[in-house]
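The structure appears right after this line, and notes come after that.
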């Protein structure tokens, strides 16, 4: 019917397969969905039927149990009424009548554990099987409150006896006997009333339910006894056949759906049945709805047949539609192929029709040859157009570049007359192209260059053919500006100059940047003062002038005291503002020929020439600087009082080179800074020696740290009342080459260089471990170690301290850290926060050398202190200087007011110790008790002291 190579076959096969697949898939999905809906509907009907059967059974059970309880209650009421009539007739007393009624009621059994009790309207038991409960008030129980309120009718509630795991449901019927105010209550557990239920009460109603064509309901109890079934009776679990396992499975499962084989009552052949069942937990009964599967799922068989018919119809339709579409689509192609074959020469078309190719492939062969011929013709045309296009494109490119380039371009003839100018020319010079054309470029001349400049320019153009460089020209508005200009000579084919082309850029912004960079290279950006580089250059010139004129020169290096503290607390913006305000105060103090420069963060240099006594003039300038700093500076809401330290070096006395002169002024500044407050210091050669000594010590200290040469010496603290050793202070000592180095020589160098941190870690590590060992030996000692202000500036100080303490095993309660008053002046808020963290970690804090600094009572109040140490300079004056004694009394009184422990340093005499004891000082420390000792000597001293 079809040629497999033809397009019609492909279309037919593809369309028929696709159509049939879609039709089959759609029909199958519809079948599955409908089958699911029908099956679900059938299952839901079975479940509803079971629910209905269950409701009938539960209702019958409830009515049966309630009827039974009511009948018992009415019997009891008749008994009570009879005894009541006997009491009215005088035959017996009321008490006897009531007692007789109780006796008769109590003997009546209700199920296995049901009973009757009587209570009055106040909730007091009048009768109960448990005699101990008679007369007890149970009105607080919720169901009793309901009884008192209603007095008659049914009541359901839960009850849990002692020892039972959970409460059980109970049913109660009550009646009221008004003459005696008795509420007769008959109660029993619901699950025990099953035995009172008669299946015959509901059997007929259940069996009347119609399920499909031959289905029926049935009921069995948990022991297998048939309660309702159209054909079965007895106990199904006693059967000896395959059905016993079926019913056992249903009883154990309690709920579900089962399929099983069951004889057909008409043909006696076994057929598949289905049963949906549930268990009534309160009764232990299984209710089920069953029927033959063929009765329930008959519609599904019809649906299957319908599905098969639809599939066959779909297959037939697929063939018909596919054949029609394949014919409809390929007919125009076949017609076109016939016309092409008939109208074109086969010699040019190639081979004839190939039966192994489809219609599209044949048509493709025809068009391939046609396109090949068309391509040959187009290539010839393209080559002609390309030659014209190239010439035109070059001209367009040059035009676009000329019109849009950011550089200004001017083209002149060989006489220098402008013949062309681009838009950038107008933008830079202000002259439009119309205004410039016909004029000589001399209209842009600024007169900033001498004639020789232009002569040299044109000489280079004539010899080399071009010139390039920076030139100052003038705009149309008269503004002079810098530009980078390139002039090139354009020659014709004969080598003669036909034109000149000038290309230029406005470099105003670049020149300004260069000037700014040049300025910043020699000036301080914040204050506008000469920086260190320019100050040195000016100092070099001034030294040269002084040498030539036999004059003298003074160099003052000034430093703002505590500027870092102000900068950190106020912020860097306010710190910068403070520096500018200080410069504003310093400038008026100097002459025009004097130099004021900034050579560091808060360091300034003043250079001044003088013909007279240079030292006197230096003192005069220093005093003027101090006077300018006396008045406070207002920064926002803060009022700042500044102090300044000044180092002075003289030319030619101290140095004759700029670097050396400033260096020696810096050395003098270091000495001046050691004196608190505004002070100045002249350079002397001893400072150089001291610096060399410090450098030497610095090298040795680093070597000593590497060799672990720093050790703690211990000086004991003695309780002034008991005379017992209460602790000791660990003092840093350095044993270098077998000799003990004075702490006054190496500790200041270590603090200035920052090596005090590593040194302290070395001392702490040994002191903590050695103290822990002493405590293990039985000594009760508290260790004090000194704390440098530099250590408190380390972010990891507390973390490192805790690591050393934990490594040593020494508890924090045995460690006291001593700080000096000067510590409080460096980042006060930060120090306070860190000290509180230290105390929170378990350490204690003492303030050392109290009274020698400038700390205020406010600091004493804010600091988390434990101990206050009186400086030895005051203790030494006890017995010799009344002022010192009065100061010691005042310090001791302050310490007591703040609840601090008091330790006196430098106790060297018994009279001093006695004086301090009478003031209430806790501990003393000094040579009177013992000098600082190595660990071995300290241990021996402890043994002798104990």
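Glycine too: its Cβ is placed from the backbone N, Cα and C atoms.
TrEMBL lists 394-450 with the feature domain 'PAS'. For the domain 'PAS' (394-450), the number of residues in each DSSP class (helix H, G, I; strand E, B; coil) is 26 helix, 11 strand, 20 coil.
The domain 'PAC' feature in TrEMBL is assigned to 467-519. In the domain 'PAC' (467-519), helix, strand and coil residues by DSSP number 12 helix, 30 strand, 11 coil.
The annotation domain 'GGDEF' is assigned in TrEMBL to 551-685.
Taken from TrEMBL, the feature domain 'EAL' applies to 694-946.
Residues or ranges marked as transmembrane segment by TrEMBL: 12-34 (among others).
As annotated by TrEMBL, transmembrane segment applies to 306-325 (among others).
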Across the domain 'PAS' (394-450), what does the pLDDT come to on average, as a whole number?
87
Considering only Cβ pairs under 8 Å, which range in 467-519, 551-685, 694-946 makes the most contacts with the domain 'PAS' (394-450)?
467-519
Secondary structure content, the domain 'GGDEF' (551-685) (per DSSP, counts of residues):
60 helix, 39 strand, 36 coil
